[in-house]
Amino acid sequence: MPKRMRRLGLVQFFSWFALFTMWVFTTVAISQNAYEVEVDKEAYQLALNKLESLPIPADEKEAEDQAKLIESFKNIEANEGLYFVNSSQAGLFANSFFVSDQELEESALEALYSKPGNFASEIETKTSAELLRDSEILGYLLDESSFSFNQDLKTSLVYKRVKVQHELGGDWTGVLFGTYNAIATLFAFLITFIAARTSRKFVHIISLLAGGLGLISMLFIHDPTYLLIPMIGIGFAWASILTMPYALLIDSLPPAKMGVYMGIFNFFIVIPQIVNALVGGPIVHAFFNNYAIYYLAFGGVLFVIAALLTLRIKEPLFGEAEIIKLREEDALKKSTN
C-alpha cells in the first residue's frame, strides 16, 4: 500500500467516524441541548413509582422487557436537578400512562376555553389532538399561575410536552441536514477554483477544520435557529471529504492497480462507521451520562485531528498556486520573445 494511501486512510478514518457520529446522534443531541426534554425530580419520581407499581406480565418476554425499561429509567442520573427522558420513554408516559388520552384532551380543552390566553384562534381552528401537539400551548397549560391540574394530569402534560419537544428536535435535524447538504453542493463548485490557487491539501485541511469547529460549536448553541450557522462549516467538510481525498490519492497509485487500491481505500469509509455503531452508544452512556451533545463535540475534535493528519501528506500547501504562477511566467516570456 503506498505511503500516501496509508496516511490518507487515517484521515478518512477520523473524518468518517466524525460524520457517522453526526448522522446518528444529532437528533438526540440537539433535543437535549436546544429543546426542553428534561423533567424535574417530581415528574421523574412519579413516573418511576408508576413503573415499579406495574403488575409483572405473565409472558416471559414482556416481563423481561418491562424489567429492562424500569432498570434503564432508574439509571437516569440527574443533571443540575433535571432528568433527561428519551423520546420512547416520553411517548410511553404521555399516552394513557397516568390518565387516558380522552381525559387529558377534555381537561386541557376545558382549561383552554376558560382561559384562552394568546391561543384563542388556535382553539377555534385546531382539534384537541392538534392542540396537545403544540409545545407553546402545552407550556401554557403547565403554567401553575393560570391552571391547577391534579397530579396525574399535570405529569401527563409534562411528558406530553417532552414528547413534542423531541419531535420538534427531529424535524429540525432534517432542516439542518438539508442545509449542510445545500452548502456542500454550492461549495463543490468552488473547490476546484480554490484548490487551483492554493492546493488540494490546503482545501481539505481548511474544510475539515471548519467542520470540526461547526460540530464543537453546537455544544454552546441553545437556540435551534442558530444551529444553522455550524452547518456552513459542516457543509464545507462534507464537500471536501467526497472529493479531495481521492484527488490527493490518485497521483500515488499505479494505473494498473487503480481499481484494487480504490476499493481498499473505501475500507477506511466503512470500518469507522462499523466501529462507531458498536461503541458510540456505550461511550455516550458510560462517559457522557447519555448526553449525546458531548459525543457530537467529540466528533468535531476528530475532524480537527483529521485536518492535522492531512498535514502529513507530501504536498505543498500552496503548490498549485506556485505551479500556475510559473506557467503564467513561462507563457509571458514566450509571448515577449
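The backbone N, Cα and C atoms fix where each Cβ goes, glycine too.
Sequence annotations record features per position, and here TrEMBL assigns domain 'Major facilitator superfamily (MFS) profile' to 132-337.
Outside the transmembrane segment (172-195), and at least 6 residues removed from its termini, the chain residues within Cβ reach (under 8 Å) are 26-27, 30, 34, 202-203, 207, 224, 227-228, 231-232, 234-236, 238-240, 242-244, 247, 320. The transmembrane segment annotation in TrEMBL covers 172-195 (among others).
Annotation source TrEMBL lists transmembrane segment at 202-221 (among others). Sequence-distant neighbours of the transmembrane segment (202-221) (same chain, 6+ residues past either end, Cβ-Cβ under 8 Å): 11, 15, 18, 22, 29-30, 33-34, 187, 191, 194-195, 227, 229-234, 236-241, 244-245, 248, 293-294, 296-297, 299-304, 306-307, 310-311, 317-318.
Non-local neighbours of the transmembrane segment (227-248) in the same chain are 4, 8, 11-12, 15-16, 19, 22, 30, 34, 172, 175-176, 179-188, 191, 195, 200-201, 203-204, 206-208, 210-215, 217-218, 221, 262, 265, 303, 313, 315; each lies 6+ residues outside the stretch with a CB under 8 Å from one of its CB atoms. Residues or ranges marked as transmembrane segment by TrEMBL: 227-248 (among others).
Panel annotation: around the transmembrane segment (260-279), residues 1-2, 5, 8-10, 12-14, 16-17, 20-21, 24, 245-246, 249, 253-254 of the same chain, lying at least six beyond its termini, place a Cβ under 8 Å from a Cβ of the stretch. What TrEMBL records for 260-279 (among others) is transmembrane segment.
Residues or ranges marked as transmembrane segment by TrEMBL: 291-311 (among others). Remote same-chain residues near the transmembrane segment (291-311) are listed as 7, 10-12, 14-15, 17-19, 21-22, 25-26, 28-30, 32-33, 79, 84, 201, 204-206, 208-209, 211-219, 237, 280, 283-284 (criterion: CB distance under 8 Å, separation of at least six residues from the stretch ends).
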